[in-house]
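*Asks:* Under the heading compositional bias 'Polar residues', TrEMBL lists 1-11. Positions annotated as region 'Disordered' by TrEMBL: 1-66, 596-631. The annotation transmembrane segment is assigned in TrEMBL to 110-129, 199-220, 327-346. Taken from TrEMBL, the feature domain 'Cyclic nucleotide-binding' covers 431-514. If you look up TrEMBL, you'll see 611-622 marked as compositional bias 'Basic and acidic residues'.
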Amino acid sequence: MASGASRTVRFQSDVDVKHFRASPLESPQPPPGRKRSRSHDPRRWWPGSRDSPEKPRARTSGGSGRALKDRVLSRAFSEELESLMHAGGDRHLFFFFDPRGQVIHRWHKVFLAACLASLFVDPLFLYLTGTRRDACVGFDYSLALTLSMIRSLLDVFYAAHIVIRFRTAFIAPSSRVFGRGELVINPYQIARRYLAWTFWFDLFTALPLPQVLGALWYLFSVQRQESCWREACRAEGPPCQDIFFDCASTSTVSSNRSVWYALTNVTRLCAPGNNGFYQFGIFAEALDARLTTSSFTHKYFYCFWWGLKNLSCLGQNLNTSLSIGEISFAIVIGVLGLVLFALLIGNMQSYLQATMVRLEEWRTKRTDMERWMQHRQIPQPLKECVRRYHQYKWVATRGVDEEALLEDLPMDIRRDIKRHLCLDLVRRVPLFDEMDERMLEAICERLRPALYTRGTRLVRELDPVDSMLFIIRGHLDSNTTQGGRSGFFNSCRIGAGEFCGEELLTWALDPRPAEALPRSTRTVRAVSEVEAFALVADDLRFVASQFRRLHSARIRHRFRFYSHQWRTWAACFIQAAWRRHKRRRASMELRVREGGSQAWPGGSVRRRRHSCDGKALKKPTEPDFTVEQEE
């Protein structure tokens, strides 16, 4: 791109153009007997491109101190990132992931499975303690080792997820206003955004915290039973010691404990049916079912059922004792059940209203379209084109009609919104880059978004041109036969930052434009999904009237550089000049070999007729960019 301003560098090094290849069915081939013009893509010779004969210079803008190349590589579209990775571009790009790509999609499935496994493993740590029939509390070391190994393996997935999040690009908020947006692949911006938003949540969920109320209920049941034993022990006096209730320490005091256990009344006093000595409250059910002395499988399923039952009924069946901790636990169960129920109802309502309504409307329209195409017996290829367009439009807009929303707003608000949505995108078009703010605002007010799917023919040669398109994303093939001229075929690739339909601009800039719209000199077909802004004939005539107040030399230079008509004519003109030079040189060499006999340029060498003849090819009409003289 000619300008070094930061707002225009986005398309300066669009290196995926030379790696992009259309399929044989989509790429236009020259008709039999016609030669393809050797007009080169001007992108190959842009300053800073890989094929440029000169080295790119690191230019800075606004004192930012960053090189131009660094700013170019900070953002990319999804297809550009894939293109660069497959083509063996910069190495650091291999460590970035597209959040909408297949790699991240598959990783989310794997990580979801790891999260579900972790959800079931974490509460199992609370089942490591248990009671025995001889009135002691033990710890299951074999189960603890197994659960620790499984949890450590699952923690690897959490750590990998955090690392991947640091290398996953995000959609730039400023580019979400149209289409699917562009990806930010700057590692510093990704890390800063991740640390500010979801890093701490991911770190918190990676910790082995209990997540099921049933497991907590079991743990508290064991604790209450041990508390009852210790209280009964204190009532018995010196023969009873607290160490007797630790199963790991019974071997050191086995003789004394055996004598005490034969004489003690602890087991009878702490039975759940003996309500006079100790109140177990909501934990009496666990002791009645002898859950603390059961196997691990019975503990897990019984506690899972207890937690599910009390969450679903909001803890209404819990009969607590006077213990503050027990009452607090019951309050947490009731509040958590209410919160989950409210979240469930609210999320379902929001989901149905925000998504399902538009989705059902889209499905209804699609069903009507399918019935209409079947009734009209539309051919299968056309059906596929219609389906592909509706699918792409839904992905890009999510069923929201932006034009209808803006029409209901006042003029000043609509102007401000249009400026916010389109100003940065319009600046990327080189033809509009050096305009002032008022001119850009006038253009933004009249731009209309346009979406095209792969294979769509935007305009055909010799058809009237009704709009001028400014490409924001995607690629198109543009070819011409110069009005059906025999032996002539020229094709080029149009990418982001370029435009098509310049015939309409020439027509609009004419001081005395004709009533009929101009005819297209090229056939333009989309080879990928294309997002663009369109200026229709009436709006373009209004905008074009403002061009005459700008510097004509600069605008003329930019128009010639980015116009495909001028590119084709320039390529043919250069080829014709080179052939004339070769003819003169061959004629001079022939005259020298013949001993200086009289010859004239081209006299002894027969001139061949070429499709690219500088005289035969008509020079494109140049727009009237002259400044009008004030009277």
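Note that Cβ sites are derived from N, Cα and C of the backbone, with glycine treated the same way.
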*Asks:* I'm checking region-level scores; what's the whole-number mean pLDDT for the domain 'Cyclic nucleotide-binding' (431-514)?
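*Replies:* Summing pLDDT over the domain 'Cyclic nucleotide-binding' (431-514) and dividing by its length gives 78.
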*Asks:* Provide the three-state DSSP residue tally for the domain 'Cyclic nucleotide-binding' (431-514): helix first, then strand, then coil.
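*Replies:* Output for the domain 'Cyclic nucleotide-binding' (431-514) reads 20 helix, 30 strand, 34 coil.
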*Asks:* So which residues does the transmembrane segment (327-346) touch in its own chain, when a touch means Cβ under 8 Å and the partner is 6 or more beyond its ends?
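*Replies:* Sequence-distant neighbours of the transmembrane segment (327-346): 213, 216-217, 220, 282, 310-316, 318, 320.
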